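Presented below is the structure to which this report refers.
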Amino acid sequence: MPEPTKKTAFTKKPKTQTAEIGATVIFEAETEKTDVKVRWQRDSKDIASSYKYTISAEGNMHSLTINNIVQEDAVGYAVIAGVSKVKFELKIKESEAQKAVSPDPAVAEPKPEEPKKAPPAPTGSSASDTSGTVSDGLLESHQPDTRQDLTGLFTEKPQSGEVNVGENITFVARVCGESLLKKPTVKWFKGKWMDLASKSGKHLQLKEHYDRNSKVYTFEMHIIAAKANFAGAYRCEVSSRDKFDSCNFDLVVHEARTTDGFDIRTAFRRTAVHVSTEPEVDVWEILQKAPPSEYEKIAFQYGITDLRGMLKRLKKMKKEEKKSAAFLRKLDPAYQVEKGHKIKLQIEVANPDAEVKWLKNGQEIHPTGRYIFESVGNKRFLTINNCTLADDAAYTCMIGDEKTVTELFVKEPPVLIVRNLEDQMVMKGERVEFECEVSEEGAQVKCHSNFTSHQFRKHGHQHFCTRLTFTMPTCQLLLDQKQLEVYQNIADLTVKAKDQAVFKCEVSDENVKGIWYKNGVEVKPDARTHITHIGRIHKLTIDEVKPEDEGDYTFVPEGYAFNLSAKLNFLEVKIDFVPRQDPPKIHLDCMGRTAESTILVVAGNKLRLDVPITGDPAPTVVWTKGEKVLTDSDGRVHVESTKGHCIFTIEGAERQDEGVYSVIVRNPAGEDTADINVKVVDVPDPPEAPRILSVGEDSCIVQWDPPLFDGGQPVIGYVLERKKKKSYRWMRLNFDPYKETTYEAKRMIEGVAYEMRVYAVNTIGMSRPSAASQPFVPVAPTSEPTGLCVDDISDTTISLKWRAPERIGSAELEGYGVEYCKEGSDEWIPAFSGLTERTTVIVHDLPTGEKMQFRVRAYNMAGPSLPATLQQAVTIREIMQRPKIWLPRNLRQTLIKKVGEMINLVIPFQGKPRPQVTWTKNDEPLDPKQVSIRNSDTDTILFVRRSERKDSGKYEVQVQIENVEDRASVNIQIVDLPGPPQNLKVIDVWGFNVALEWKPPKDNGNCDITGYTIQKADKKTMEWYNVYEQYRRTNCVVSDLIMGNEYVFRVYAMNMVGLSPEPCLSKDSAYIQKTGIVYKPPSYKEHDFSEAPKFTHPLVSRSVIAGYNATLSCSVRGIPKPKITWYKNKMDITNEAKYRMFSNQGVLTLEIRKPCPFDGGVYMCKAVNDSGEDVVECKLEVRCKYMPLTQELPRNLHSNS
């Protein structure tokens, strides 16, 4: 089996393109999902948005635009989405003009391409003579509008239009099929639900065609010979798998215009009368029989325009609704559900085997992941998961010809801000984007800066604002001056007379202008001096150089505090005749190693030492550093000698280049030596990671150490930046160097994690950033606890209690700290180690008699709060308190419990010092084996696990402190069921009445007898019936007895617990005599009705499916009623839980619960009574369930099997 391939994330891939130099090229890619993060690469390096590259994303469409193409752009590119990577190339094609003329790259500039005009927006129109279209402004060859601001599936939506009666009009909708896997489905509706597909005919035609070149589907709706009732609202819906889009438009139909002229002869012309032979149709009868969802369709068919009047008339007409034979419960008229939620529609059918169909707007629904059909008994369910606006429709459930209709309304949830805007800092002239995320895709969002509205673009749920927004919440935009980079510096020039001198420099910003100076005087262009500015290149050209042109030339960019300098040397050709040799001589004004003669050079810049020398003949020059001779072979070192000068150059000076350099000049006449002290200065090293000393509600105090190396120049200050931990953007806190090493950062959001970093600044520049600090959260301490008071006090302890602070803040409350100190002292001692989460505490081991002060502080991440203190010091001494018992209200009356119940008495009391507690029962001590006593400082508990009758009595509790005491008593009554009444007698019998009399029971159950229950029974059947219930007397008369029967009686006693376990039976019976002649029945021989068991219907062998309950049935007769026993393979299964046996009027049933193949075999039923026995058996076969493959078969195949 081949290995499955991984599905790519792109549905449209960028392709290799060829473009000319200076042109603009766009690469487009389309992803399968809208929330995929896409990266563009150039030579395996990520590309960021800039003036050169423009990266945009709209929905699932992503594009890369390369502006002003140059030769270096002809490389490989790639686009990455997830694990998918697509490579493509950009090829350069030289234009004819470039081949003919060899342009100077510094002068030639590509001419910007004029933007193409967008086609006019389509407008609705009507045709007077021929069929017109709503989008008449578009030609047939017009490509679909692929603008990024269009959303959904439509590339061209049908527009509203107007037409006169009798004229034609066409509505056009276009759908781009590049991203669709199959042909989309388009439906046209009039009003809300009426599908126009069934109305195609003389006046309405629907057409569609597909353009293979442009891959555009075109759908047209032609309305021919429009009528007045055709006016109204229309809707076009397009769907393709899980994608959906719709568009609403209107049609206005005007009355036909009348002619200006009038012919009097037309009034007298005869007109033919057309007699219709078709039977008249009663529209109201059709409307009465149709469901409400069809009203609009019928009204459109028969030309009814007053829908409101039609509904009023239908309401007045009494319509007798026939009770549905198929539905026991229909759908409700309407349902409502929020977007994204789930809803379940339920009906009940009369026939559980009936086949049910569900329809949506007249189209049958098939089970999918979103539409789930369920069947439970006679109930049918339709579950719609993850509801969208497309589910807002009419739903119909059909069984045969009967149906029930409902309407589902999908409610859109409110739009909320999920991710807020963030502060940003950008350079002047750069593009800034503010991004926020809302809860709903497609929500209308408006952005403002200083209450000024701005445009925005959206990507899925994310919205990108091109300027600052000050809605709730707000963000801040900080601007910084953009650094100007020098790509090419000015070089020193040495030219001869009549030659041309060209000073050239290149900076990073092509919009920056500058001024040229010579020896501090501005250079003005003239006949020999030319100043040019082309793009990023600035040139100063001097023709026919003269000696007076020699000097220092400087270029100063406007708006930036630096300059570029170079020297123009005029070379004069002189012929000197020196008759004698001169020894070499070095002419320097910075010789020596003093601080004043030290040459400073910035690291990374060029070090150029131009040393004037003399000597004849020309001396040889040797440069050394220490004992090492420096030559051109060192790579960065260049040694050059000219007449009168020796030049030593180091490209890109580094720290190790610092030191003393020696220059030695020699010739036959002698030698000379000079030392030059060079010091390399650089930006400082980055400081160590800053430390957060403390945090506040919206601020923090940060501290850091100076850098280990200051770059050779003193540090003049520091620059700090902060960012949110989950963000990638650092925000600068100060623009001027901050001289201290401790800084308070403000304007932070409480509860959000931040990080800080520091830059060191000296006269050379700014160092690299330090490592980020540990993440911290700005939080403020809570407010002080409230309501601190003393709850209790003893000789060595005190109990304090308080309430939580009124303001806790965003950080969680970690706990409370309790401290104390002696009066007059400032030394606070913690009452215990750590913190407590409770608002009550007991402080132990306090000195007796001392006056102590206490305070409580709440702690959170920010530290302790302000303390809450007592108003005055507290003396640690126990206060005498009189003993007092607080008897609960429910114990002030007799406590009644049943035998066997638990007794648990909790009686609180007060008293200091701790009182002595004593319990007694009926003035006698309690038995500790039967009763448990537990005492505490504030209450006492009496506990009996299982009460008995002997536990009844008066319980008394006594609390005593020295000679002072308090008492309280509790009466407990343990009650039980009473005994039976005594001596039940039949006092008298007369007519149909019997008089009874009895005595109360000896044992009343420790409570009053509340009544008696008297029962009677016929002596033949001995079935007892109640005569009286809760009867209070000890004698009664039983009436309405049946003549000729003999009765016995019994009596139960009743109290608050219940009836006595045993009754009192009457020793005598009462016979109700017959009135009149006493009948003597003739003697006869009693007939023997006994009959041996016989099965009248045998067991039938069956074949059942495993997992479904199965039953075996037979019938038997016999007198007396036979005993039934079931066997499986001759084994008795009467007591097995898997089987259930039923017997009803001789019909015997054995139910086998969810049988398995093991339950197959021979089953036998045996009936036995005193007259004989009979046996019947059958064979049961249990088949396995269908294989899973059969679950895919249609439902009718299962029913046939």
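Glycine is no exception: its Cβ is also placed from the backbone N, Cα and C atoms.
The structure displayed is predicted, hence computed values, not measured ones.
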(message) Of the ranges 304-331, 668-695, 1116-1143, which one does TrEMBL flag as coiled coil?
(response) 304-331
(request) Quick one: find which recorded stretch in 337-399, 686-782, 980-1075 has the most Cβ pairs under 8 Å with the domain 'Ig-like' (473-554). (result) 686-782
(request) Determine how many residues of the domain 'Fibronectin type-III' (980-1075) DSSP places in helix, in strand and in coil. (result) 0 helix, 53 strand, 43 coil
(message) Mean pLDDT for the domain 'Fibronectin type-III' (686-782), rounded to an integer?
(response) 92
(request) Determine how many residues of the domain 'Ig-like' (584-677) DSSP places in helix, in strand and in coil. (result) 9 helix, 56 strand, 29 coil
